[in-house]
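Chemist: The following feature annotations were taken from Swiss-Prot:
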type: BINDING; residues: 462, 535; note: Mg(2+) 1 binding site
type: BINDING; residues: 535, 537; note: Mg(2+) 2 binding site
type: DOMAIN; residues: 456-570; note: domain 'Toprim'
type: SITE; residues: 487; note: site 'Interaction with DNA'
type: SITE; residues: 490; note: site 'Interaction with DNA'
């Protein structure tokens, strides 16, 4: 990819196939970009960037530039071949076909198209971006000239030929339509994380991200690092300077010569590896390619991330199945052959072997089959056997060639197996339970009367006193209450046997009914709303983070499917004389309600006019219902998982052993400690 290929004739007007127009896109944007909220808005950037990355994957581009402007527009530029400008068979310039016809793109022409591999089926990309924008400008360098075109609500102008040039490439700038999207404000952190991921997956590709919206004197959190190396140990003076220094986000350059090796370094940068080298290999087949990088660390959680044609396959798929099968088989055979396991000993399980494993599996498939509309699970059956064969051959070679590291890996897996066996009694308490079977539920659970999971809610509440108020104030038809006594165990620092001996963890897993890890079965979930309700202070936030860490590490699909929420209890109660009280959820809202009320002639109680809630236990049942539990007025924040790798790193920093990394993160993000969106 690093060496640019000059073969524009391979990607010309004849490579473009038209399937249908854009009429339906503006009517049903959610079908094409997922939503009209923030996620859908950012999807516009992904579609344009993916097209530039396709040029890089095909070997024609080495650099992509992404720029966020003050006027809400986004510009994506690459130095690829440039979108064709020749007249298409339909009689219009090919660039107009690409920009105005749904599914029109070189990637739909099979072996005769401009691409052998592309990012899934996002050939709908630029045309959908055009359909959902008020204006799009396209500048092309191709065929010896500069070309420019614009689109007003997807209607093309006249293609203009400019000055002569020997350069090639495409620049697309678009303005998302505010009448379609709920917001047109892009989040730098979201964009940076996705672009960093793309750079990791495309070894040697340079991606520049510039945020023109940041003023020179504005202090912004450094939300992403563009280095894959582990942090260098700092002196006390350096730590002090680093903690107090403002982090300005204006320009980030992502360039990883090591590709997936750098990705694994990045994942493990706050952890302690148990082997010196990173395992790195690749393989090619008929219409398939696979690349793998992996390294074990001293932690207890696995961090395996899979991609197909640079698309993050959150739900895994056949490529992950092939990798897992090969790894489990190779490690068990090696352990038996080297007498690290006795012949009579049971085999190590996949969970045992993957404990502490950081791995990235990236496949390129000429004709990918993604299950569902979201493209998060690869379905190509032939990919499993291909990946399994490559991984089997390469892992056998690595284990034989690295006996010291191999022994450390096997011993860690054996230690994990011993912990698993020791936890067997505890695990029996958290076996999967039927969605309607109430047997064996924890005694402190106040269950709801409904047996329909779709309408049932579970409030996990901090403290018995708050749990009592919640039980009294709830609607017992559909709301269940599970009170917790104090802080649960930090699963980031404990092995599964210790985790499953914790009574609070037992109660949570048993109440949910799904089981954990490989036993997890989402169809057995007893509640489709799991609401974490803790005090609105630092201790409450810590408890919420502990609970989220448990769910992320042991029952991640609950988050992926959108079943987990954070309750938003009020911070203040304003008591007016001879009038109903009002509740404020922040300092600014308190000040606003007070100012408005006084202007309207209201009088605040003199002695206890403004009450600050120190905890949920200070609210009676009626207040808790009216402010935090009544579906008609409550505010719930849904916990989402857009980037598993970023979330994995975040939980490792917040709940892991690296104190310096945690201090640095908290210092940079101190201004927004109210809520951390995972």
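In case you wondered, yes, glycine gets a Cβ from its N, Cα and C as well.
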Chemist: Kindly assign residue 462 (Mg(2+) 1 binding site) to one of the three DSSP-derived states: helix, strand or coil.
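Modeler: For residue 462 (Mg(2+) 1 binding site) - judged by DSSP and reduced to three states - the answer is strand.
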Chemist: Any idea what the Cα distance is from residue 537 (Mg(2+) 2 binding site) over to residue 490 (site 'Interaction with DNA'), rounded to a whole Å?
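Modeler: Distance between the two Cα atoms comes out at 19 Å.
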Chemist: Do you know the DSSP helix, strand and coil residue counts for the domain 'Toprim' (456-570)?
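Modeler: Per DSSP, the residues of the domain 'Toprim' (456-570) fall into 57 helix, 21 strand, 37 coil.
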Chemist: At the level of the C-alpha atoms, what whole-angstrom distance separates residue 535 (Mg(2+) 1 binding site) and residue 490 (site 'Interaction with DNA')?
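Modeler: Pair distance, Cα basis, whole Å: 18 Å.
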Chemist: Provide, as an integer number of angstrom, the distance between the C-alpha atoms of residue 490 (site 'Interaction with DNA') and residue 462 (Mg(2+) 1 binding site).
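Modeler: One finds 15 Å between the Cα atoms of these residues.
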Chemist: Find, among the binding-site residues listed as 462, 535, 537, the one whose Cβ has the highest number of other Cβ atoms within 10 Å in the structure shown.
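Modeler: Output for this query is 462.
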Chemist: Using all protein chains in view, find how many other C-beta atoms are within 10 Å of the C-beta of residue 490 (site 'Interaction with DNA').
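Modeler: If we count other Cβ atoms within 10 Å of residue 490 (site 'Interaction with DNA'), we arrive at 16.
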